[in-house]
Amino acid sequence: MSTQEAKHTPLEYQTTHGQMNILGFWIFLAAEVVLFSTLFATYAVLFGRTADSPLPSELFGAEIVLIMTFLLLTSSFTCGIAIHNMRQGQVKPLIIWMVITLLLGLGFLGFEIYEFMHYTHEGATLQSSAFWSSFYVLAGTHGLHVTLGIGWATLLIIQIVKRGLTPVTSQKVFIISLYWHFLDVIWIFIFTAVYLIGMVV
Amino acid sequence: MASSTKRIPTQHIIGYVLSIVLTLVAAWVALKSNLPTLWIIVGILLLAVIQAGIQLIMFMHMVEFESNNGHIPWNMMFHGFVAAAIVVAGSLFTMVYGF
């Protein structure tokens, strides 16, 4: 590593503690991949076992799912912009972009809740069939992660406002950005494997 | 690293545009094209994998210098996804095809 590169090492990587925390978070993300894989496997195995409840192709709507996907994709992008600003040491743009990210995340959650309520009214509930149970558990676990992420990021924004950018706070913000992008990765697979395939088959 | 000092986050913008395009292509293939169902399923799953790769590399800084050029994140994600593929494919193999 040349001195030029040492000078540009982002704050979050400057302490061994920060590096270890980021490493640990990647291990957590790998475990999350496996957690979601069990839910995807359950969904795939139970696909079509709808008993007397409506078929997924009758309920899934392309518009709402595309809106949710674009909300989450855009929030992932704005979160990336926030980290870009953080690495330039700009606190205010960082906070603004993080708030936009959270608003988009809240929009996503709102649409997901609306969608679940709509399905419930149409007679597809958690109890109505094996297929719908696995659907709600898979999509719901992702929604729960988004909810947790919003709460977590809100607390971090407060911390940034109070303490500014230090190696500790920037490492925490970097980690939540990894978490947020990761939720988008999981959603891409839900969008494809659940909604698109559900509408095709 | 050069990319962290740039004023305009080119990499993020490219990643964002690519993921929007890939999402629209996947939706079009699934809903509007007349391909056989099996081809559609294989095609859109492939598009999803590409899009996940874009998220990991363009947004999650997977290959930057500070994380040992992505050595550790790459290891974690690779083995996580391999385990995930085995769980999903193995479950389908045993439960659906009756072995």
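Every residue gets a Cβ built from N, Cα and C, even glycine.
Just so you know, TrEMBL annotations never went through curation; they're auto-generated.
According to TrEMBL, the feature transmembrane segment maps to A:21-47 (among others).
The domain 'Heme-copper oxidase subunit III family profile' annotation in TrEMBL covers A:23-199.
Feature annotation from TrEMBL assigns transmembrane segment to A:59-83 (among others). Same-chain neighbours of the transmembrane segment (A:59-83): 93-94, 97-98, 100-102, 104-105, 107-108, 111-112, 114-115, 118-119, 122, 124, 173-174, 177, 180-181, 183-184, 187-188, 191, 195, 198-199, counting only residues six or more beyond its ends whose CB sits under 8 Å from a CB of the stretch.
Non-local neighbours of the transmembrane segment (A:95-114) in the same chain are 64, 67-68, 71-72, 74-75, 78-79, 81-82, 85, 139, 143, 146-147, 149-150, 153-154, 156-157, 160-161, 173, 180; each lies 6+ residues outside the stretch with a CB under 8 Å from one of its CB atoms. If you look up TrEMBL, you'll see A:95-114 (among others) marked as transmembrane segment.
For the transmembrane segment (A:134-161), the residues of the chain that approach it from at least six positions outside its boundaries are 35-36, 39-40, 42-43, 46, 56, 91, 94-95, 98-99, 101-102, 105-106, 108-109, 112, 116, 124-126, 169, 172-173, 176, 179-180, 183, 186-187, 190, 194, judged by C-beta separation under 8 angstroms. The feature transmembrane segment is assigned by TrEMBL to A:134-161 (among others).
Annotation source TrEMBL lists transmembrane segment at A:173-197 (among others).
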